[in-house]
Amino acid sequence: DYEKYGVYDMQDKQALFRLIQSIGASESATPPLDDRSSLDCHPIFMAPDPPKIRVIVRKRPLNRKEEERGDSDVLECDCATSTLYVNEPKQKVDLTKFTERHTFRFDDVFGEDVDNDALYCTAIQPLISTIFRRGKATCFAYGQTGSGKTYTMQPLPLRAAVDVLSVLSTPDFHGVGLHVSCYEIYGGKLFDLLNARNKLEVREDGKRRVQVVGLREVDVHDVDVLQQLVEHAAASRSTGSTGANDESSRSHSIMVFALRNGNEPKRPVVGKLTFIDLAGSERGADTYDNDKQTRLEGAEINKSLLALKECIRALDSDARHIPFRGSKLTEVLRDSFMGKAARTVMIANVSPCSSSCEHTLNTLRYADRVKADAALDAELSALMAAEDELVAAHRQHIEDSMAHVREEMALLGELDGGGAAGDVEAYAAELTGLLAEKAAAVAALQLRVTQFRRLVQTTLERHARAGSGAGQQ
Ligand SMILES: Nc1ncnc2c1ncn2[C@@H]1O[C@H](COP(=O)(O)OP(=O)(O)OP(=O)(O)O)[C@@H](O)[C@H]1O
Ligand SMILES: [Mg+2]
């Protein structure tokens, strides 16, 4: 867990060096609260620390109805290289048909043969150690109606609860409890899915923390209780039917696992895991629908999905202003996204049907924007580390130069004190050596500056390319 020691990027050599130094210095010191040895060999804590944002794509299989109507599969997954190919059927103006092939790369690409369990182990389980290290983790599913968001998200809390409860049963977490709540955002309003769809308000407390007022929280000690809560929440959710899904979710559903410490009523949250099953991304585009209710739902969903994208983009580029107020969804997620220990997994769900190709491409482009920015973020932090190194080298150069000046003055002093021809020769030889040392130091610094400027140039060029939207091919 490098972050706890101030290393947020494995390329950051200075931070790594400081860590090595501090390990030597603190061998006799007591370990930090969250790094107790009995947990180090717990399987959940052995998983690698997840990146700040991880984007994965999941393709669902063609269903019988789609096969019967002759819909073809346009998606090819190459899991080994985390690449997804979309073979988009197209038509030229002269009506001849052709296929346009699009290539997308993500952190993970899961084909139809990957089941919920495997997805959990690869993508979600690493988040468990995050929440036990006082972090906030968020996992959300994005995609068009019928693409498999609810199918993917619904089993995840159950799998996660098994792991969370197993860690909570260790003596290290005595007094910490799992508290589960669930609500939906429908038409910009919040409804408690564990308490008779009670309407909920969002407020900011004195410490500028967002609170969902009146939300019911249930203490969960075993998985069966959670199973009942998940079923209850699913039954309370607003659903309708779409062409692609008879049981279509018309809202964003949010399930929160809060780890609370102590016994007093307002126990502090020490870790948080949030699961979000978003409403279908195509709803915003349903402008041709005559039903006023559906149109209003669509507009609201569209607004929140755009706001979500803007927030993730802003977060990833470490922007000063993050537009959380853009929607209710982003407002309630503000606390989960903030802070160095925040981790997000985005699952982009896609349908393989040729008839869904346009929506699939939209989903992948949405996901790709998030991914592109994550790569850029790593480059920018490498640039900042290089800048730190250059400044440190410059400081060192100044110190060395001052030492050189002192040596030169001493040399002159020796010459003024003597005056014999031999001494002049020795003086000239020593001065030559000193000047060569100075020239070598200047050349080394010059080389560093040149390399740094080249790095700035390439990073800026890549930044400009990403900004011009060249995410997909
Ligand atoms: N990976 C999968 N394997 C098998 N069946 C799947 C898979 N993903 C989805 N399905 C099936 O496809 C149908 C639609 O899935 P789901 O309800 O999860 O869609 P959704 O993305 O939540 O849609 P909506 O936005 O309309 O709520 C369901 O019947 C579900 O069981
Ligand atoms: Mg759904």
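Numbering starts at 1 and runs along the chain as it is shown here.
For all residues, glycine too, the Cβ spot is worked out from N, Cα and C.
Automatic prediction, not curation, is the source of TrEMBL annotations.
Database features (TrEMBL):
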- 52-373: domain 'Kinesin motor' (DOMAIN)
- G143, Q144, T145, G146, S147, G148, K149, T150: ATP binding site (BINDING)
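Counted within 10 Å of its Cβ, the other Cβ atoms near G143 (ATP binding site) come to 29, all protein chains included. Shown are the binding-site residues G146, G148; the one with the most C-beta atoms within 10 angstroms of its own C-beta is G146. Per-residue pLDDT, averaged across the domain 'Kinesin motor' (52-373), gives 87. Within 10 Å of the C-beta atom of S147 (ATP binding site) sit 29 other C-beta atoms, taking all shown protein chains into account. K149 (ATP binding site) is surrounded by 29 other CB atoms, counting those within 10 A of its CB over all protein chains shown.
Candidate binding-site residues: G143, T145, G146, S147, G148, T150. Those with a Cβ under 6 Å from ligand 2, in sequence order, are T150.
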